[in-house]
């Protein structure tokens, strides 16, 4: 999520790796770093795998945008065992009662519908753009994140965030004006523009989704535990999956799936396995996202997700033969630079927060000693 100052931190019992000055916490601190490293690997590997397999699906004969949208959320059942493992906690007080069932259902429905539209736009982008261009455009997510956090989460614009916005905007603009040489010959100019706009729209929508998610944690749910995070992944994913099923039937694509699988370049078994592994890869990515939200913060999770995007263009050059010419290389460098600027601002905010906490602890200790 995108709040560099008032970020939402979900802490597992107070041992989320923040050093509190007690030597006995050192071993727990190392364990925390190990868990964070594992979640980062899950996020980056799942995201890269799902994106590349999604492009493979289209390259080898797949053409259904709704089935591509469907697999982005349909793998949620593999998270249900985790939901059963983490039991509900009752941390709400009389001053902040838990939300009603109706409120939660409306919240899940709202987020599920947002995910449906967002995933559909991503599917259009992945179909009509080279995978390297698609991934670089997704890096604009951080820029949109900063804007929506300013509007909804009280984030302040600093020189580093403004620098990040500027660099990410220039990166996307370079790709836009470079469309003629980047456009695959089999994709028309109109479809390329649709893919470009849909990817930008999906990045903006996902950033808006994260800002609304943070508002929900702070204003509605008012609970910070891993089960709540899981519920906000599983139930909206269920709604999004149902929305995709409706879209499959309403668009008539359901009737073409059998022929599409039969005509798939690598065979029907490969067709099924490609879609299955896309669904699994997205859920592996989701586990990484949820773990980082729980162990560190939602902002950190989103930053790592964006920093992992440059991995995909490099792999796309290797596996899909995408061109990495000078303009796209410059765009990649600007995207990394802009993301790094955003990350450094987050580091400075976190450092300031820790120093303020240490100062308050020292002041409290001094006052206690004087009282004695």
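Glycine too: its Cβ is placed from the backbone N, Cα and C atoms.
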Under TrEMBL, the annotation transmembrane segment belongs to which of these stretches: 327-347, 348-368? 327-347
Which stretch does TrEMBL mark as transmembrane segment, out of 32-54, 101-123? 32-54
Surrounding residues of the transmembrane segment (232-250) on its own chain - C-beta under 8 Å, 6+ positions past either end: 64, 66-67, 69-70, 72-74, 76, 79-80, 83, 108-109, 111-116, 119-120, 213, 216, 221, 257, 286, 290
Tell me if the transmembrane segment (32-54) touches the transmembrane segment (271-293). I count contact as 3 or more CB pairs below 8 A, with pairs 6 or more residues apart. yes
Would you mind listing the long-range same-chain contacts of the transmembrane segment (134-152), meaning Cβ under 8 Å and 6+ residues beyond its ends? 1-4, 51, 55, 125-126, 161, 164-165, 168-169, 171-172, 175, 195-196, 199-200, 202-204, 206-208, 210-212, 214-215, 302-303, 305-306, 309-310, 312-313, 316, 328, 331-332, 335, 338-339, 342
